[in-house]
Amino acid sequence: MDTMNWLDQVKWDAQGLVPVIAQEAATGDVLMFAWMNREALAKTAELGRAVYYSRSRGKLWFKGEESGHVQQVHDIRLDCDSDVVLLKVTQLGHEPGIACHTGRHSCFFNALQNGAWQAVDPVLKDPESIYK
């Protein structure tokens, strides 16, 4: 497949980014939301592991480069409007169930309960010990 062709079909935003959802392939759990630029999406397809674009750092973010929580990519999908990417992944590493920098399985651990956001999923590992 021509790399330029499939990347050209993505509707990038004004900053050259596309939103990305990482979903656990085995369970269907939504793990996280992030951004990719063209280079990150191409690298993800090439390497078979998630590479995102960090807007705060202004550079590629190889998921797991600091935490060890790598995401092996099984499938890359583009939504019907071509403006959102879905990665179906297996979360790997020394704590394979952790995708979030807070030490939780998913970044979506807050639930609206009685008009307030409440953390409803447990911390699996203290983030202080993950990011040394």
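Along the chain as shown, the residues are counted starting at 1.
Cβ coordinates come from backbone N, Cα and C, glycine included.
Noted in Swiss-Prot for the protein shown:
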type	residues	note
BINDING	Asp79, Asp81, Asp83	Mg(2+) binding site
BINDING	Cys80, Cys100, Cys107	Zn(2+) binding site
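Mapped onto this structure are the features recorded in Swiss-Prot.
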{"residue": "Asp79", "record": "Mg(2+) binding site", "CB count, 10 Å": "13"}
{"residue": "Cys80", "record": "Zn(2+) binding site", "CB count, 10 Å": "6"}
{"residue": "Asp81", "record": "Mg(2+) binding site", "CB count, 10 Å": "7"}
{"residue": "Asp83", "record": "Mg(2+) binding site", "CB count, 10 Å": "13"}
{"residue": "Cys100", "record": "Zn(2+) binding site", "CB count, 10 Å": "19"}
{"residue": "Cys107", "record": "Zn(2+) binding site", "CB count, 10 Å": "17"}
Legend entry - C-alpha spacing of Cys100 (Zn(2+) binding site) relative to Asp83 (Mg(2+) binding site), in angstrom: 24
Legend entry - Asp81 (Mg(2+) binding site) to Cys107 (Zn(2+) binding site) - Cα separation in whole Å: 25
Legend entry - Chain-mates of Asp79, Asp81, Asp83 with C-beta within 8 Å of site centroid, Mg(2+): Lys11, Leu78, Cys80, Ser82, Val84
Inset, instruction - Between Cys100 (Zn(2+) binding site) and Asp79 (Mg(2+) binding site), find the distance joining the two CA atoms and give it rounded to the nearest Å. - result: 24
